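The transmembrane segment annotation in TrEMBL covers 81-101, 108-127, 133-150, 162-184, 207-231, 243-266, 278-300, 307-328, 334-356, 377-402, 414-438, 459-479. The domain 'NADH:quinone oxidoreductase/Mrp antiporter transmembrane' annotation in TrEMBL covers 127-428.
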Amino acid sequence: MTLTMDWGLLLPALLPVAALALILVVEAIAPTARPVLVVLAGFGLVAAAAETIPGLVGDDDPRLTLCTPAPDGRCMWDGGALTSTLQLAILLSTLAVLALISVRRAGVIELVMLLASASGGVAVVAARDLGTWLITLELATLPVIALVAWRDRRAAAHGALTLLTTSLVSFGLLVLGTALWVTATGDPTLTGESLATAWAVPEQRTLAGLATVVLLAGLAFKLSAVPFHAWTPTTLTSGPLPISALLASSSKLAAIGALIVVLAPYDAVVDLSPGPHVVVAALVILTVASMLTGTVMALRQTEVVRLLAWSTVAQAGWILLPLTALTVAGRQAAAVYTLVYAVAGLVAFAAVRAIHGRRVEDGRELTAYTGLFRRDPLTGGALALALLVLAGLPPGVIGLVAKIVALRPAVSAGLWPVAVVAVVAAVLGIAVYVRWFAVLFGEPTIDAPARPAQRRASLGVALIGSAVLVVASALPQLLVGLVS
């Protein structure tokens, strides 16, 4: 069997691997050339990001490759606008994390793991066959586990072990889900045609719904959705801050991209009778549980990274909310919300990194941020904007727009009870972020943490991310237009 190949669509996933291989060669020849290795990693990510641009500015024609010949004509790689947007975001967020690690700290292991994870994330959002989808999803995950524990404290090893255990359970569920899908549809690709054919047979319909629910459970671990969230507070608070930022941004983008691939075939059956009620119910349960649990727990936190960790759980509910509609608009809305959250989360983690540096001892309490805006306006201003975006309050208008965009598909699908719960969670969420926001403008404390020696890269990431949020708040249609 001959597959049609469009190397341009594959380059966003292949270029990080090429950079990875080149780094290993250069490191073997010149072990002390660490700055050169960092430049190579950054260049690989930038080059891969540039290769996603044709998918954003091209026409509406499908951008497919790895297609089998007619009459079957199945394609195993999709490079459309939504896919390209998520790929670009994954690559740029990984580049931001590379900057947070800094040239001094970035060894060959960190660079290789970052590039491998980025390649896996880029590939999983484009893959349409279950084999590639499953392998690249784990490629996006496993290097991050190593990064959590690499060159850090014993507590980080505990966080990495927690994440590893979770990932093994998640992988088991994903393998089971893929096996059930192939059994139900007789097709190793995630397509609407095969699902529609299986939907006509009651036994296959039941099995396909079960397969999707199992796959959803496996991905819920990676999204930090309740009740599969337990690893999140432990891992994010014990690992290095740059890797926590990676878990809250690039990893979430890859996970939502993988989930979008799983749910896309339901376009073909969502209007049939009987409909995919089991899948909708599973999504609703995850959405409501994540929103309420994450928000309530975040309200109780006084340590900023733990607060951000529980915020990640709450935001997972908002990411899942539009997907409950099982529509194209719902998938686009989920991508928009994830993009906004990823940028705001990166800014928040970068600001914390700029304040505390690599110090991981006590001192990341909310009280340590009292008067931050007065003593450090740049860092305090960037953090304040990120918090307002997460809360959905002006001038962080893009946060409010993202919440409205996320609500609309659920309301259009008649899921009013879920929308009401989301509004309640949004109101509670305001209290979470405003509590931290108010502290920033208080009177500076005498025992405020001193600025770390290496903070320029972290501050740069925070300011660039803030600029993106400002532009998106002024012109939200640009962001919405990227995924449609």
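From the backbone N, Cα and C atoms, a Cβ is placed for every residue, glycine too.
Among the listed stretches 81-101, 108-127, 162-184, 307-328, 334-356, the one sharing the most Cβ pairs under 8 Å with the transmembrane segment (377-402) is 334-356. A contact between the transmembrane segment (243-266) and the transmembrane segment (414-438) is absent, since fewer than 3 of their C-beta pairs, 6 or more residues apart, lie under 8 Å. Here the transmembrane segment (108-127) has Cβ contacts under 8 Å with residues 9, 12-14, 16-17, 19-20, 23-24, 27, 37-38, 40-41, 44-45, 48, 76-79, 83, 86-87, 90-91, 94, 97-98, 101, 133, 136-141, 143-144, 146-147, 150, 246, 250-251, 253-254, 257-258, 260-261 of the same chain, all six or more residues outside its ends. Tertiary proximity for the transmembrane segment (133-150) is limited to same-chain residues at least six positions away from its ends with a CB under 8 Å from its CB atoms, namely 13, 109-110, 112-114, 116-121, 123-124, 127, 156-157, 159-161, 163-164, 167, 170-171, 174-175, 178, 190, 222, 235, 238-240, 243, 246-247, 251, 254, 258, 261. Here the transmembrane segment (81-101) has Cβ contacts under 8 Å with residues 12-13, 16, 38, 41-42, 45-46, 48-49, 52-56, 63, 110-111, 114-115, 117-118, 121-122, 125-126, 240-243, 245-246, 249-250, 253-254, 256-257, 260, 331-332, 335, 338-339, 342, 346, 349-350, 353, 457-458, 460-461, 464-465, 482-484 of the same chain, all six or more residues outside its ends. Stretch with the most C-beta contacts under 8 angstroms to the transmembrane segment (307-328), considering only 278-300, 334-356, 414-438, 459-479: 278-300.
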